[in-house]
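What follows is a set of notes on a single structure, which appears directly below.
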C-alpha cells in the first residue's frame, strides 16, 4: 500500500462501483429481450466470457484479500450467470452452441486452475499469479474487440461505431484501476487496465479526428448498441474464434 487514502481506498472503491455498473449495463437489454421473447440484435456470447472473467478476478481478489477486487466480481458472476441463462433460452441453435462452448470451456478450465492453485502452487505468490495471469489473458481477449473497431474507423474515416458514453465509462474505469494497481505495485492490475486505458484514449482521439456519420455505421457494430452493452463486446465472438453471432 502507498499509505495514501485517496489511492489505496477511494480510487479502488470508485473502480468497484464503475465495474459493477459496467457488468449491469446489458441487463436492461436482457430483461427487455426476456419480456419480448426475442434476443433481437443482442449478442449473448460475451455473457459467458464475463462469467470466466469475473471468476478469475474474484479468485485473485480472494487470494489477495482485496475487497475492492473481490466485491464487484462476486456481483459480476451472479449478473453474468443470470444474463447467460436468460439469453440461452431465447437464442437460436447456433448461438446456443457457441454459448454452450464458452460456458463448458469455463467450467473445464477454472476448476483445473483451482486444483493447481490448491495442490501445485508452491506458495501464496504463485497462487495469486495463476489467477492474475488468467484474468489478464481474458482481458486481452476483451481488448482485441476494440482493435477491430478502431481499424474500421480508420478505414472508413467514420467514428459512428464508437459509443461516446460507453467509451468514457471504459476510460474512467481503466484509469481508476490503473491508478490503484500502480499505487499497490500490482502488475496484474495495472498492466491490463493500462492497456485498456490506452485503447480507450485512442478511441476518444479517433472520435475527435473522424466525425461520426451515423448513416455509414459498420454493420458489425449493431451488437454494441443494444441497451448500453460494453464496446469491447462488439466483436468478441470473432475474437474467441467462434465466428459471427447474430441471433436475429
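Every residue, even glycine, has its Cβ placed from backbone N, Cα and C.
Because TrEMBL annotations are produced automatically, they should be read as predictions rather than curated entries.
It should be emphasised that the depicted structure is a prediction, and the values quoted were computed from it without experimental measurement.
According to TrEMBL, the feature transmembrane segment maps to 6-24, 45-63, 69-90, 102-121, 133-151, 163-183, 189-210. As annotated by TrEMBL, region 'Disordered' applies to 219-248.
Put simply, of 45-63, 69-90, 102-121, 163-183, the stretch with the most CB pairs closer than 8 A to the transmembrane segment (133-151) is 45-63. With a cut-off of 8 Å on Cβ pairs spaced 6 or more residues apart, the transmembrane segment (163-183) and the transmembrane segment (189-210) reach 3 or more such pairs and are scored as touching. The stretch from 6-24, 45-63, 69-90 that makes the most Cβ contacts under 8 Å with the transmembrane segment (102-121) is 45-63. Sequence-distant neighbours of the transmembrane segment (6-24) (same chain, 6+ residues past either end, Cβ-Cβ under 8 Å): 50, 54, 66, 68-69, 71-73, 75-76, 79-80, 169-170, 172-173, 176-177, 179-180, 183-184, 230. Panel annotation: around the transmembrane segment (45-63), residues 23, 26, 69-71, 73-74, 76-77, 79-81, 83-84, 87, 95, 98-99, 102-103, 105-106, 109-110, 113-114, 117, 124, 127-128, 131-132, 134-135, 138-139, 141-142, 188, 229-230, 233, 236-237, 240, 242, 245 of the same chain, lying at least six beyond its termini, place a Cβ under 8 Å from a Cβ of the stretch.
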